[in-house]
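Peer 1: One structure, pasted below without further comment.
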Amino acid sequence: MQARFHTSWAELPASLQFALEPILSAENFPAMLTAEQVKTVKNISGLDDDALAFALLPLATACALTPISHFNVGAIARGKSGNFYFGANMEFRGVPLQQTIHAEQCAVTHAWLRGETNLVAITVNYTPCGHCRQFMNELNCGSELHIHLPGRPPSTLGQYLPDSFGPTDLAITTLLMDPVNHGYTLAETDPLTQAALNAANHSHAPYSQSHSGVALETTNGKIYAGRYAENAAFNPSLPPLQAALILANITGENCASIRRAVLVEGHNAVTSQWDTTLATLNALGCSAVKRVTF
(Lines of atoms letter the chains of each structure in order from A and count residues from 1; the text may use other names and numbers.)
(Lines give C-alpha, C1' and ligand atoms only; values in the text may rest on other atoms or scores of the structure.)
Protein backbone atom coordinates (compact mmCIF):
# COMPACT_ATOMS: atom_id res chain seq x y z
CA MET A 1 0.00 0.00 0.00
CA GLN A 2 1.24 3.50 -0.83
CA ALA A 3 2.61 5.30 2.23
CA ARG A 4 0.34 8.30 1.73
CA PHE A 5 -2.69 6.14 2.61
CA HIS A 6 -1.37 4.77 5.91
CA THR A 7 -2.83 7.39 8.26
CA SER A 8 -6.26 7.40 6.63
CA TRP A 9 -6.26 3.62 6.41
CA ALA A 10 -5.83 3.26 10.16
CA GLU A 11 -9.04 5.24 10.72
CA LEU A 12 -11.26 3.07 8.49
CA PRO A 13 -13.69 0.54 10.00
CA ALA A 14 -12.31 -3.00 10.12
CA SER A 15 -14.93 -4.32 7.70
CA LEU A 16 -13.99 -1.70 5.13
CA GLN A 17 -10.28 -2.36 5.61
CA PHE A 18 -10.91 -6.05 4.98
CA ALA A 19 -12.81 -5.26 1.79
CA LEU A 20 -10.32 -2.71 0.45
CA GLU A 21 -7.03 -4.34 1.45
CA PRO A 22 -6.60 -6.47 -1.72
CA ILE A 23 -7.36 -3.43 -3.87
CA LEU A 24 -5.18 -0.81 -2.19
CA SER A 25 -2.31 -3.25 -1.70
CA ALA A 26 -1.98 -3.77 -5.45
CA GLU A 27 1.41 -2.56 -6.68
CA ASN A 28 -0.12 -0.22 -9.25
CA PHE A 29 -3.32 0.85 -7.48
CA PRO A 30 -4.77 3.48 -9.89
CA ALA A 31 -6.71 5.49 -7.28
CA MET A 32 -10.01 4.18 -8.59
CA LEU A 33 -12.37 1.29 -7.99
CA THR A 34 -13.96 -0.52 -10.91
CA ALA A 35 -17.68 -1.21 -10.84
CA GLU A 36 -16.96 -4.84 -9.96
CA GLN A 37 -14.67 -3.80 -7.11
CA VAL A 38 -17.30 -1.36 -5.85
CA LYS A 39 -19.86 -4.16 -5.83
CA THR A 40 -17.53 -6.46 -3.90
CA VAL A 41 -16.61 -3.80 -1.34
CA LYS A 42 -20.27 -2.94 -0.78
CA ASN A 43 -21.17 -6.59 -0.24
CA ILE A 44 -18.41 -7.09 2.32
CA SER A 45 -18.73 -3.77 4.15
CA GLY A 46 -22.51 -3.43 4.04
CA LEU A 47 -22.22 0.13 2.70
CA ASP A 48 -24.30 1.52 -0.15
CA ASP A 49 -22.90 3.73 -2.92
CA ASP A 50 -23.33 6.98 -1.00
CA ALA A 51 -21.86 5.67 2.25
CA LEU A 52 -18.94 4.05 0.46
CA ALA A 53 -18.08 7.27 -1.37
CA PHE A 54 -18.05 9.15 1.95
CA ALA A 55 -15.93 6.42 3.55
CA LEU A 56 -13.37 6.68 0.73
CA LEU A 57 -12.97 10.45 1.07
CA PRO A 58 -10.06 10.26 3.57
CA LEU A 59 -8.13 8.08 1.13
CA ALA A 60 -8.79 10.50 -1.72
CA THR A 61 -7.81 13.44 0.49
CA ALA A 62 -4.49 11.72 1.18
CA CYS A 63 -3.61 12.33 -2.49
CA ALA A 64 -3.66 16.12 -2.04
CA LEU A 65 -0.57 18.24 -2.76
CA THR A 66 -0.89 21.47 -0.79
CA PRO A 67 2.51 23.12 -0.21
CA ILE A 68 0.86 26.56 -0.15
CA SER A 69 -2.49 26.27 1.66
CA HIS A 70 -1.95 23.04 3.60
CA PHE A 71 -5.72 22.63 3.18
CA ASN A 72 -6.45 19.17 1.84
CA VAL A 73 -9.64 18.39 -0.06
CA GLY A 74 -10.71 15.03 -1.44
CA ALA A 75 -13.41 14.03 -3.91
CA ILE A 76 -14.91 10.85 -5.31
CA ALA A 77 -16.43 10.98 -8.80
CA ARG A 78 -18.96 8.24 -9.52
CA GLY A 79 -19.27 7.25 -13.15
CA LYS A 80 -22.32 5.94 -14.96
CA SER A 81 -20.18 2.84 -15.49
CA GLY A 82 -20.23 2.23 -11.73
CA ASN A 83 -16.55 3.09 -11.31
CA PHE A 84 -15.37 5.33 -8.45
CA TYR A 85 -12.52 7.78 -9.15
CA PHE A 86 -10.37 9.55 -6.54
CA GLY A 87 -9.57 13.25 -6.75
CA ALA A 88 -7.70 15.77 -4.58
CA ASN A 89 -6.53 19.36 -4.76
CA MET A 90 -3.05 20.11 -6.09
CA GLU A 91 -0.91 23.24 -5.70
CA PHE A 92 2.47 24.15 -7.19
CA ARG A 93 5.15 26.39 -5.71
CA GLY A 94 6.73 29.05 -7.89
CA VAL A 95 3.84 29.57 -10.31
CA PRO A 96 0.63 31.66 -10.13
CA LEU A 97 -2.23 30.30 -8.05
CA GLN A 98 -4.23 29.99 -11.27
CA GLN A 99 -2.30 26.77 -11.92
CA THR A 100 -3.98 25.16 -8.89
CA ILE A 101 -6.17 22.09 -9.42
CA HIS A 102 -9.29 21.75 -7.29
CA ALA A 103 -10.38 18.36 -5.92
CA GLU A 104 -13.55 18.27 -8.01
CA GLN A 105 -11.59 19.15 -11.15
CA CYS A 106 -9.15 16.39 -10.30
CA ALA A 107 -11.80 13.71 -9.78
CA VAL A 108 -13.75 14.68 -12.90
CA THR A 109 -10.64 14.84 -15.07
CA HIS A 110 -9.33 11.59 -13.61
CA ALA A 111 -12.58 9.88 -14.64
CA TRP A 112 -12.44 11.44 -18.11
CA LEU A 113 -8.84 10.34 -18.68
CA ARG A 114 -9.76 6.79 -17.65
CA GLY A 115 -12.40 6.66 -20.36
CA GLU A 116 -15.52 7.49 -18.36
CA THR A 117 -18.17 9.14 -20.55
CA ASN A 118 -20.73 10.27 -17.96
CA LEU A 119 -20.87 11.03 -14.24
CA VAL A 120 -23.80 10.53 -11.89
CA ALA A 121 -22.45 12.02 -8.66
CA ILE A 122 -19.50 13.62 -6.95
CA THR A 123 -18.79 13.37 -3.23
CA VAL A 124 -16.54 15.97 -1.63
CA ASN A 125 -15.59 16.87 1.93
CA TYR A 126 -16.04 20.64 1.49
CA THR A 127 -18.66 22.57 -0.45
CA PRO A 128 -17.63 23.17 -4.09
CA CYS A 129 -16.41 26.69 -4.80
CA GLY A 130 -17.91 28.72 -7.63
CA HIS A 131 -14.96 27.86 -9.88
CA CYS A 132 -15.67 24.14 -9.53
CA ARG A 133 -19.40 24.54 -10.00
CA GLN A 134 -18.75 26.31 -13.29
CA PHE A 135 -16.17 23.69 -14.30
CA MET A 136 -18.66 20.87 -13.68
CA ASN A 137 -21.36 22.76 -15.59
CA GLU A 138 -19.44 21.87 -18.76
CA LEU A 139 -20.13 18.14 -18.25
CA ASN A 140 -22.57 16.22 -20.40
CA CYS A 141 -24.53 15.33 -17.26
CA GLY A 142 -24.89 19.06 -16.63
CA SER A 143 -27.15 20.31 -13.90
CA GLU A 144 -28.33 16.77 -13.09
CA LEU A 145 -25.00 15.82 -11.49
CA HIS A 146 -25.62 14.92 -7.84
CA ILE A 147 -23.34 16.54 -5.26
CA HIS A 148 -22.89 14.86 -1.88
CA LEU A 149 -21.45 16.69 1.15
CA PRO A 150 -21.05 15.49 4.76
CA GLY A 151 -24.02 16.36 6.93
CA ARG A 152 -26.18 17.66 4.08
CA PRO A 153 -28.84 16.08 1.87
CA PRO A 154 -27.73 15.41 -1.71
CA SER A 155 -28.36 18.24 -4.16
CA THR A 156 -27.93 18.64 -7.89
CA LEU A 157 -25.42 20.91 -9.58
CA GLY A 158 -28.41 22.87 -10.82
CA GLN A 159 -29.32 23.66 -7.23
CA TYR A 160 -25.75 24.73 -6.45
CA LEU A 161 -25.53 26.80 -9.65
CA PRO A 162 -28.97 28.28 -10.42
CA ASP A 163 -29.50 30.40 -13.54
CA SER A 164 -26.19 29.12 -14.83
CA PHE A 165 -24.23 30.14 -17.91
CA GLY A 166 -22.95 27.17 -19.87
CA PRO A 167 -22.31 25.53 -23.24
CA THR A 168 -25.91 25.74 -24.41
CA ASP A 169 -25.78 29.53 -24.13
CA LEU A 170 -23.06 29.46 -26.79
CA ALA A 171 -24.87 26.87 -28.95
CA ILE A 172 -22.34 24.16 -28.08
CA THR A 173 -23.68 20.62 -28.31
CA THR A 174 -20.51 18.57 -27.79
CA LEU A 175 -19.94 18.59 -24.05
CA LEU A 176 -17.14 17.58 -21.70
CA MET A 177 -16.89 13.77 -21.55
CA ASP A 178 -18.62 13.27 -24.89
CA PRO A 179 -16.38 10.97 -26.97
CA VAL A 180 -14.51 12.88 -29.69
CA ASN A 181 -11.57 12.32 -32.03
CA HIS A 182 -10.28 15.34 -33.91
CA GLY A 183 -8.12 13.28 -36.25
CA TYR A 184 -4.85 15.22 -36.09
CA THR A 185 -1.73 13.39 -37.23
CA LEU A 186 2.03 13.83 -36.89
CA ALA A 187 4.90 12.15 -38.69
CA GLU A 188 6.95 12.02 -35.50
CA THR A 189 7.05 8.51 -33.99
CA ASP A 190 8.38 9.36 -30.52
CA PRO A 191 6.03 7.57 -28.05
CA LEU A 192 5.81 10.63 -25.79
CA THR A 193 4.84 12.87 -28.70
CA GLN A 194 2.29 10.35 -29.90
CA ALA A 195 0.79 10.17 -26.40
CA ALA A 196 0.42 13.96 -26.38
CA LEU A 197 -1.10 13.87 -29.87
CA ASN A 198 -3.62 11.24 -28.80
CA ALA A 199 -4.56 13.44 -25.85
CA ALA A 200 -5.00 16.47 -28.12
CA ASN A 201 -7.27 14.44 -30.39
CA HIS A 202 -9.57 13.74 -27.44
CA SER A 203 -9.43 17.22 -25.92
CA HIS A 204 -12.46 19.46 -25.39
CA ALA A 205 -12.05 22.92 -26.93
CA PRO A 206 -15.30 23.84 -28.69
CA TYR A 207 -14.90 27.59 -28.07
CA SER A 208 -11.40 28.26 -29.38
CA GLN A 209 -10.79 25.03 -31.34
CA SER A 210 -7.33 25.14 -29.73
CA HIS A 211 -7.06 21.42 -29.14
CA SER A 212 -4.00 20.39 -27.17
CA GLY A 213 -2.44 17.60 -25.18
CA VAL A 214 0.55 17.14 -22.91
CA ALA A 215 2.48 13.96 -22.17
CA LEU A 216 4.94 13.56 -19.30
CA GLU A 217 7.67 10.95 -18.98
CA THR A 218 8.95 10.30 -15.47
CA THR A 219 12.34 9.05 -14.39
CA ASN A 220 10.96 5.52 -14.13
CA GLY A 221 9.90 5.62 -17.79
CA LYS A 222 6.16 5.89 -17.24
CA ILE A 223 4.09 8.18 -19.45
CA TYR A 224 1.11 10.26 -18.30
CA ALA A 225 -0.95 12.19 -20.85
CA GLY A 226 -3.51 14.93 -20.28
CA ARG A 227 -6.04 16.75 -22.47
CA TYR A 228 -7.27 20.33 -22.53
CA ALA A 229 -10.76 20.79 -21.02
CA GLU A 230 -12.17 24.13 -22.14
CA ASN A 231 -15.05 25.86 -20.37
CA ALA A 232 -17.85 28.13 -21.56
CA ALA A 233 -16.76 30.70 -18.97
CA PHE A 234 -13.13 30.45 -20.24
CA ASN A 235 -11.31 30.98 -16.90
CA PRO A 236 -12.31 27.60 -15.36
CA SER A 237 -10.76 25.79 -18.35
CA LEU A 238 -8.26 23.11 -17.29
CA PRO A 239 -4.94 23.13 -19.19
CA PRO A 240 -3.61 19.85 -20.59
CA LEU A 241 -0.56 19.95 -18.32
CA GLN A 242 -2.78 20.00 -15.26
CA ALA A 243 -4.69 17.01 -16.61
CA ALA A 244 -1.44 15.08 -17.08
CA LEU A 245 -0.26 16.06 -13.59
CA ILE A 246 -3.58 14.85 -12.20
CA LEU A 247 -3.07 11.40 -13.68
CA ALA A 248 0.53 11.27 -12.48
CA ASN A 249 -0.14 12.39 -8.91
CA ILE A 250 -3.37 10.48 -8.36
CA THR A 251 -1.63 7.21 -9.21
CA GLY A 252 1.19 7.93 -6.77
CA GLU A 253 3.83 9.46 -9.02
CA ASN A 254 6.08 12.23 -7.72
CA CYS A 255 5.38 15.34 -9.82
CA ALA A 256 9.01 16.37 -9.28
CA SER A 257 10.21 13.24 -11.11
CA ILE A 258 9.27 14.39 -14.62
CA ARG A 259 12.19 13.73 -16.97
CA ARG A 260 10.77 15.24 -20.16
CA ALA A 261 7.50 16.57 -21.51
CA VAL A 262 5.84 17.25 -24.85
CA LEU A 263 3.05 19.70 -25.65
CA VAL A 264 1.14 19.09 -28.87
CA GLU A 265 -1.11 21.86 -30.21
CA GLY A 266 -2.08 23.58 -33.46
CA HIS A 267 0.55 25.78 -35.10
CA ASN A 268 -1.99 28.56 -35.68
CA ALA A 269 -4.15 28.01 -32.61
CA VAL A 270 -6.04 31.02 -31.26
CA THR A 271 -4.69 30.26 -27.79
CA SER A 272 -1.44 28.51 -26.88
CA GLN A 273 -0.56 26.43 -23.84
CA TRP A 274 3.19 26.79 -24.35
CA ASP A 275 4.23 29.59 -21.99
CA THR A 276 2.29 28.38 -18.95
CA THR A 277 3.22 24.75 -19.62
CA LEU A 278 6.91 25.62 -19.79
CA ALA A 279 6.81 27.81 -16.67
CA THR A 280 4.99 25.24 -14.57
CA LEU A 281 7.20 22.36 -15.65
CA ASN A 282 10.33 24.42 -14.99
CA ALA A 283 8.99 25.13 -11.50
CA LEU A 284 8.62 21.37 -11.04
CA GLY A 285 12.25 20.86 -12.06
CA CYS A 286 11.72 19.68 -15.64
CA SER A 287 13.66 21.59 -18.30
CA ALA A 288 13.35 19.08 -21.17
CA VAL A 289 10.09 20.44 -22.56
CA LYS A 290 9.22 20.37 -26.26
CA ARG A 291 6.39 21.88 -28.31
CA VAL A 292 5.19 20.00 -31.40
CA THR A 293 2.51 21.43 -33.68
CA PHE A 294 0.06 19.89 -36.12
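Cβ atoms here come from the backbone N, Cα and C positions, even for glycine.
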Peer 1: Starting from the Zn(2+) binding annotation in Swiss-Prot that includes Cys129, Cys132, which of His70, His102, His182, His202 is the extra site residue?
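Peer 2: For the Zn(2+) site that includes Cys129, Cys132, Swiss-Prot also lists His102.
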Peer 1: Determine the Cβ neighbour count for Met90 (substrate binding site): the number of other Cβ atoms within 10 Å of its Cβ.
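Peer 2: Around the Cβ of Met90 (substrate binding site), 25 other Cβ atoms lie within 10 Å.
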Peer 1: In the same chain, outside His102, Cys129, Cys132, whose C-beta lies within 8 angstroms of the Cβ mean position for the Zn(2+) site?
Peer 2: Ala103, Glu104, Gln105, Pro128, Gly130, His131, Arg133, Phe135
Peer 1: Go ahead and report the DSSP secondary structure tallies for the domain 'CMP/dCMP-type deaminase 2' (187-294): helix first, then strand, then coil.
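Peer 2: Across the domain 'CMP/dCMP-type deaminase 2' (187-294), DSSP assigns the residues as follows: 35 helix, 28 strand, 45 coil.
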Peer 1: Under 8 Å between C-beta atoms and at least six apart in sequence, can you list the same-chain neighbours of Glu104 (active site, proton donor), or say none if there are none?
Peer 2: Ala75, Gly87, Ile122, Val124, Pro128, Cys132, Phe135, Met136
